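Feature list (source: Swiss-Prot):
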type    : residues       : note
DOMAIN  : 172-248        : domain 'Toprim'
BINDING : GLU178, ASP222 : Mg(2+) 1 binding site
BINDING : ASP222, ASP224 : Mg(2+) 2 binding site
REGION  : 279-300        : region 'Disordered'
Amino acid sequence: MGALTIVAKYMIVAQIEVNGSVDKSDIIGALFSQTEGLLGKDMDLRELQMMGRIGRIEVDIFEKNSKTKAKIYIPSNLDRYETALVAALIESIERVGPYLANIKVLEIKDLREEKRRRIIEKAKELVKMIEEEILPDTKEIIEKLKEDVAKAEIVEYGPEKLPAGPDVEKSDSVIIVEGRADVVNLVKHGYRNVIAIEGISRGIPQTVIDLSKKKSVTVFIDGDKGGELVLRELLKVAHIDYIARAPPGKEVEQLTAKEIAKALRNKVTLEEWLAQQKAAGEKTEAPAQPTQQQPPPAEAPIQFPFDMSKKVEEMLGTLEAEIYDANWGLVKKLPVRELPDFLTGEGDSFYAIVMDGIVTQRIVDLAAKKGVKVIVTARVGPLTKVPEDMKIITFEKLTQKVA
């Protein structure tokens, strides 16, 4: 069907069969000539076409042998009654040239309905485009705005000028992460008491170590081996209260607000984390085991001047430490949290420490400098080096040995 020459409301579709071989022009000529004057001048096809009431008549011949079959398309700008009258008019055609003919109207299409359908379909496409293209762009703009605001709030903290959130100084707790991008992501989502160590290649910054002495500390690590390495280094020198971890394979800087909230909500204490590692086969501690040489210290005979099993019962749950001299005289009793500071201070050397806490690499290093030879403890954290002349034994192994 060719292009319409008017803005039509309706389309008359008819089929014609001619008992002979004819052309398009023959069929169109028959339509005009055989309907002329039948319904008066106002309904004459030629007059209607000249006034733009009907459009260009199209004929598509689809069979032409001894008989000719074709479809006729007549666009109409008349109202529905007049259009129906024109349709009935063309059915009155009986001949095309010398051949008998028969015309049957197949349908009268409401082109406005077709147009409405196309408009609706187009509207659906546009809505889909809005959802897929415009809305994501809006979200991206909002995320970019949040990130820019977060970056503007990042401060440089301490002599090392570590990237940190604006509330690190005044908050009672602090979240330690690895890098600046992690800080930006957490600040963007409302966590303003966060500070980064900026990697572990140059060691843990003293600023972070000092913060860990006076604030509740949560270490938020990536969900990969790199995160475990960061935690291992922190445990050597800093006081760690809680550990939060990103989902496996994800980094803290990549997390959404929901993922951050879930990870921090599911944080565990250091004791719980160590127990989980032990239950999982102590995978993160396995590489350090050969250098710890813990079995020999645990099995080596240690002479105590008092019933150590009773002492263990007394200390369980107190989170305290007791410092002894070479004659097993009590020098100091203090909370385990204050033990590193006490060992750092100036003073005489000591012989033994009994503590209801976790022995970290930092405690081992400080105790070694004070000449400590025996440490009796509730738990042993990840250690990389223990002096050969230092004996470390856990409450559990001690009670088993006594039993």
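One is the number of the first residue shown, and numbering goes on along the chain from there.
Backbone N, Cα and C define each Cβ position, glycine as well.
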Tertiary neighbours of GLU178 (Mg(2+) 1 binding site) (same chain, Cβ under 8 Å, six or more apart): ALA196, ILE197, GLU198, GLY199, ILE221, ASP222, GLY226, GLY227, VAL230, VAL252
Average pLDDT across the domain 'Toprim' (172-248), rounded to a whole number: 90
The one of ASP222, ASP224 whose CB sees the fewest other CB atoms within 10 Å, among these binding-site residues: ASP224
DSSP residue counts for the domain 'Toprim' (172-248), split into helix, strand and coil: 31 helix, 18 strand, 28 coil
